[in-house]
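Enquirer: Copying in the features that TrEMBL gives for the protein in this structure:
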type     : residues : note
SIGNAL   : 1-24     : signal peptide
TRANSMEM : 41-63    : transmembrane segment
TRANSMEM : 75-95    : transmembrane segment
TRANSMEM : 123-144  : transmembrane segment
TRANSMEM : 165-187  : transmembrane segment
TRANSMEM : 193-215  : transmembrane segment
TRANSMEM : 296-313  : transmembrane segment
TRANSMEM : 325-343  : transmembrane segment
TRANSMEM : 349-365  : transmembrane segment
TRANSMEM : 386-402  : transmembrane segment
TRANSMEM : 408-428  : transmembrane segment
Amino acid sequence: MTPFLGVFFFLCLICMLLFLYTRSALPPVTDTAFHLFQKTYLAVYLLAMAGDWLQGPHVYALYQSYGMTTHQIEVLFVAGFGSSMILGTVVGSFADKYGRKFNCILYGILYGGACITKHFNNFWILMLGRLLGGTATSILYSAFESWLVYEHHKRNFDSDLLGNIFSHAVLGNSLVAILAGLVAQVFADKFGFVAPFDVSLTVLMIMVILIYYIWPENYGDKISNFQKSFQNAFRSIGTDYKVLSLGFIQSLFEGSMYVFVLEWTPALSPEVKETANKGTISEKGHTEEIPHIPHGHIFAGFMVSIMIGSSLFKLLSKHTAVESFMRPVLVVSSLTLAVPIIFPGHQMLIFAAFLVFECCVGIFWPSMSTMRGKYVPEETRATIMNFFRIPLNMIVVVILLQNLDMKVIFQCCVGFLLLAAIFQQWLYNLSKLPTHGRLDSTMERHDEKIDGKKDRLLDEPKEEVV
């Protein structure tokens, strides 16, 4: 048994014990309607994530089997991030005007189309698939959450329970990632590298059917045109410093996280230094120069660490405000990515640091979703969330195109995370101001009242409307 596998089993034990402790330490939720709502959301969301995870492990291998050069593969990967940054921002913003349910269905259709393009050994068809996939990714990380937040408030559930759903979503997402990786490998071994994409297509179609039949539609600002909607979103970001700070935190942290995903393989391969460090996108963990390490065991350990982080979020959020405990979480995350800079070649030490970083990721996801649900205005929620992804994707694309040494890349990530911690401190200070707190809660209640009045006016006779 490799040390990585031993660490994985140890983490599973910790995760199970922490999960059981969390269930016993926190009061149970007895609202039957809330449990049904939570299951309705998670069933769809986890299928959406499964459709994404099933594709990830074999994208590079498929391109390589088609005889694509390293440069061509790099162009395809950059195109994916670029389309998410440009096309995804526009298409993802459709959710506020045309409906979040509609946009989630569009996610399944676009990503399903991307899966179909994988059957063709043609660079430009594969490029179309990357454009579709990048656009779909923007929808995945905006429309689903927007639908959830609106429905949660509309049904008058306790606002604290929103974090409970996000925590379960992160926990379930990690389990789905591990299972999807195993399923994708089985199908790839039996039927070839394109088979996992067919499985993903099937899962996505099931998700679309579920959304169509069990999700109600909801909207942001249906009246304004896209130009007005974009202007309102920019105005909210520019005038509400809490929204602005959230945007910086998300972009800096997630940008560092996506770069980390591309860099952990060479960082854990200490025998290869300069040759592997010089790689960009797909050379990480895929070229013959990098010695084989148990990627599956390492990835599984990362996912369990995220699950541990999601349980820690539930415990932390019951004792202190999210805005408060996220400050040390971001500082710790920056310190973990400094380890490969300070101790290059120390494989197990770097691995331990990366596990702590993934634990911070597990805390970050539900925390960020909770804060967005609290501060981002409902009428332009999806639009603003997609605006947040513009600098995020820009960070990743710029770093990937520079052909930097691994040490320099991790130095950038450490700097980004420290900046994120500074913006988190700013957000914490803003959240402590009484006027800001009252304004946010008042606006949320005002939006809920307006929605309630709209529903009532549709049912009441016109003569009763003043």
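Note: Cβ is positioned from N, Cα and C throughout, glycine not excepted.
Nobody curates TrEMBL annotations by hand; they come from automatic prediction.
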Enquirer: Quick test of the contact rule: Cβ under 8 Å, at least six residues beyond the ends. What residues does that give for the transmembrane segment (325-343)?
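Expert: Result: 249, 253, 256, 260, 267, 316-317, 349-350, 353-354, 356-357, 360-361, 363-364, 367, 371, 406-407, 410-411, 413-414, 417-418, 420-421, 424-425, 428.
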Enquirer: So if I exclude everything within five residues of the ends of the transmembrane segment (296-313), which remaining residues of that chain have a CB under 8 angstroms from its CBs? That is, six or more out.
Expert: 2, 4-5, 7-8, 11-12, 14-15, 18-19, 22, 163, 167-168, 170-171, 173-175, 177-178, 181, 185, 264, 268, 351, 354-356, 358-367
Enquirer: Hey, which of 123-144, 193-215, 386-402, 408-428 has the most Cβ-Cβ pairs under 8 Å against the transmembrane segment (41-63)?
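Expert: Between the stretches 123-144, 193-215, 386-402, 408-428, 193-215 has the largest tally.
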Enquirer: Quick test of the contact rule: Cβ under 8 Å, at least six residues beyond the ends. What residues does that give for the transmembrane segment (193-215)?
Expert: 40, 43-44, 47-48, 50-52, 54-55, 57-58, 61-62, 65, 101, 104-105, 108-109, 111-112, 115-116, 118-119, 147, 183-184, 187
Enquirer: Go through the chain and flag residues at least 6 beyond the ends of the transmembrane segment (386-402) whose CB is under 8 A from any CB in it; none is fine as an answer.
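Expert: Apart from its flanks, the transmembrane segment (386-402) reaches 74, 77-78, 81-82, 84-85, 88-89, 92-93, 138, 141-142, 233-234, 237, 246-247, 250-252, 254-256, 258-259, 262, 280-281, 409, 412, 416.
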